Amino acid sequence: MWKWLDGPASVGSMTKRILFVCLGNICRSPAAEVVLRVKASEAGLELEIDSAGTGDWHVGEPPHPPMVRAARARGYDMSALRGRQVTAVDFARFDLIVVADEANLRDVEALRPSGDTTPVRLFAPYAGGAERSIPDPYHTGDFDGALQLVERAAAELVAQLQ
Ligand code: 4NP
């Protein structure tokens, strides 16, 4: 039923403001935020990039230390980021909302204001593999694996945005 959400087809050069969403906003979406920021900058793309969580447990907190360390090992600085919760207002603030998994997709869709048409897309399919979701490293412990998937997906997203 959500098949149409998988493809990056509707993402183009008019997409300038991108919000990444996961559950806690301390692992996957802040990692996606910093990785896309670096890759967009390298590609000469001017984007506004942010991240948020569907949950409120980590509002105001820095990202999860093991995620920060895994990112630093690959050259990304997550130290300035702080958690926040996604709200209905984000549908007006962003051109594209990219989510880490299918629970995020349902939770974000539940916030959509009536009449709003902002695309909400799963991130992992951009990587071109079989993954629909980014496995949650907060539970799997595989922070570097999540980061590698984020890097592959971000590279394709940048290519789509150019
Ligand atoms: P994230 O990982 O959604 O990638 O930020 C999680 C972080 C914290 C929790 C769940 C997922 N938590 O339940 O606190």
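FYI, residue positions are counted from 1 along the chain as it appears here.
Just so it is clear, glycine is given a Cβ too, placed from its N, Cα and C backbone atoms.
Residues or ranges marked as active site, nucleophile by TrEMBL: Cys22. Under the three-state DSSP scheme, Cys22 (active site, nucleophile) falls in the strand class. Neighbour density for Cys22 (active site, nucleophile): within 10 A of its CB lie 30 other CB atoms from the protein chains shown.
Counted within 10 Å of its Cβ, the other Cβ atoms near Arg28 (active site) come to 35, all protein chains included. Taken from TrEMBL, the feature active site applies to Arg28.
Annotation source TrEMBL lists active site, proton donor at Asp136. Taking a C-beta cut-off of under 8 Å and a sequence gap of six or more, Asp136 (active site, proton donor) has these contacts in its own chain: Cys22, Leu23, Cys27, Arg28, Ala100, Asp101, Ala146.
The domain 'Phosphotyrosine protein phosphatase I' annotation in TrEMBL covers 16-160.
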(request) Could you put numbers on the helix, strand and coil content of the domain 'Phosphotyrosine protein phosphatase I' (16-160), residue by residue per DSSP? (result) 62 helix, 20 strand, 63 coil
